Amino acid sequence: MSPITLDLTSDFDPAITTGTGSSSTQRTLLVAPPSVASHEERISALFSTYPRDTTDLHMLDRLAAGLVTLPASTYDLILVLTDPDGSRHAEASALLSNRAVWALLVPALKAGGKLRSEDGTLGTNSATPEAREAVLAGLVAGADGFTKPEYAEEEAVPLRFGLKRKNNPNAVAPIQPAAQVVTAAPAGVGFVTLDLDDDLDLDGENDDDVIDEDTLLTEADLRRPIQQPPECQPKPGKKRRACKDCTCGLAERLEAEDKARRDKADQALNTLKLKSEDLLELDLTVPGKTGSCGSCALGDAFRCDGCPYTGLPPFKVGEEVSILNNVPQL
């Protein structure tokens, strides 16, 4: 009996490169729907086109479940296996609509790398769910799929909001020294550092950046009637009232109307006030002198409200009145 020799070498041992290193080898990641796993001849045909030492294969359902981790900035091409005729496009699209899949694929793609499908339809329709998720993940749609942009290095850019021109209005802004370039660039979108230590001077006499708020409204705007919001409309039979946090101007208008009404009432009241020299003592016991109503001597039934003779019995004008034991005697 001849001895049996076992080949223990790995048939699938890709050399993983990190994003910080540089390599001339073009690495490819094949992502397939679960139905491809049952077609061994299909997988063999793929590895005859893409070399096994530079190609990785993962299933989309395992990526969506979070069972697979991918190295960062490694692949130049990510190919979605939908078959050239697009027979598996619907199955792949359903899995690509999961945001967790893009959270793994986009960081694994190199800057400038491409992500496309076998049938070439991925990314052609921006209204599909997988296209929206790809754009939200940071990819840019193109004619042949999606591309990961190459972002520039982080730079500090000073922003100037104003110039000091108190002494010389025609002075030119001084040239600022170039900002220091940060060499370590973060993965993903670049960042801009704002220099808020500027020459903004709101107290400057010649500062053109300060806007006079009185010039924002024209005379036509001031004469325009106030559009009352529906929630401020009074209910039927109710008086119009302004909200506590009124911003439409109704509270100011009602307050002005109330003030004008009070001033008019005070002015009318002042015309009825009599001075001390305008008051006359009216003594109805003197012949020829009567009250304004002329009924003071007829009794309480005919006297006005507030008549000084209220409580006295009827008397004749000119009749002498005597007081006996605090009781008037006519």
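Keep in mind that glycine also has a Cβ here, set from the backbone N, Cα and C atoms.
When other Cβ atoms within 10 Å of the Cβ of Cys243 ([2Fe-2S] cluster binding site) are tallied across all protein chains shown, the result is 12. What TrEMBL records for Cys232, Cys243, Cys246, Cys248 is [2Fe-2S] cluster binding site.
Among the features that TrEMBL reports, [4Fe-4S] cluster binding site is placed at Cys293, Cys296, Cys304, Cys307.
Per TrEMBL, the feature domain 'Fe-S cluster assembly protein Dre2 N-terminal' maps to 26-160.
If you look up TrEMBL, you'll see 227-323 marked as domain 'Anamorsin C-terminal'.
Summarising the annotation, TrEMBL assigns region 'Fe-S binding site A' to 232-248. Here the region 'Fe-S binding site A' (232-248) has Cβ contacts under 8 Å with residues 226, 254 of the same chain, all six or more residues outside its ends.
Summarising the annotation, TrEMBL assigns region 'Fe-S binding site B' to 293-307. On the 0 to 100 pLDDT scale, the model's mean across the region 'Fe-S binding site B' (293-307) is 79.
Counting same-chain residues at least six beyond the ends of the motif 'Cx2C motif 1' (293-296), those with a Cβ under 8 angstroms from any Cβ of the stretch are 284, 302-304, 307, 309. Under the heading motif 'Cx2C motif 1', TrEMBL lists 293-296.
The annotation motif 'Cx2C motif 2' is assigned in TrEMBL to 304-307.
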Exercise for the section: Please list, for the motif 'Cx2C motif 2' (304-307), how many residues fall into helix, strand and coil according to DSSP. Expected result: 0 helix, 0 strand, 4 coil
Exercise for the section: Measuring Cα to Cα, tell me the gap between Cys246 ([2Fe-2S] cluster binding site) and Cys304 ([4Fe-4S] cluster binding site) in whole angstrom. Expected result: 49
Problem - Cβ neighbour count (within 10 Å, all chains shown) around Cys248 ([2Fe-2S] cluster binding site) - result: 14
Completion exercise
Students should find that the Cα atoms of Cys248 ([2Fe-2S] cluster binding site) and Cys296 ([4Fe-4S] cluster binding site) sit apart, in Å rounded to an integer, by 58
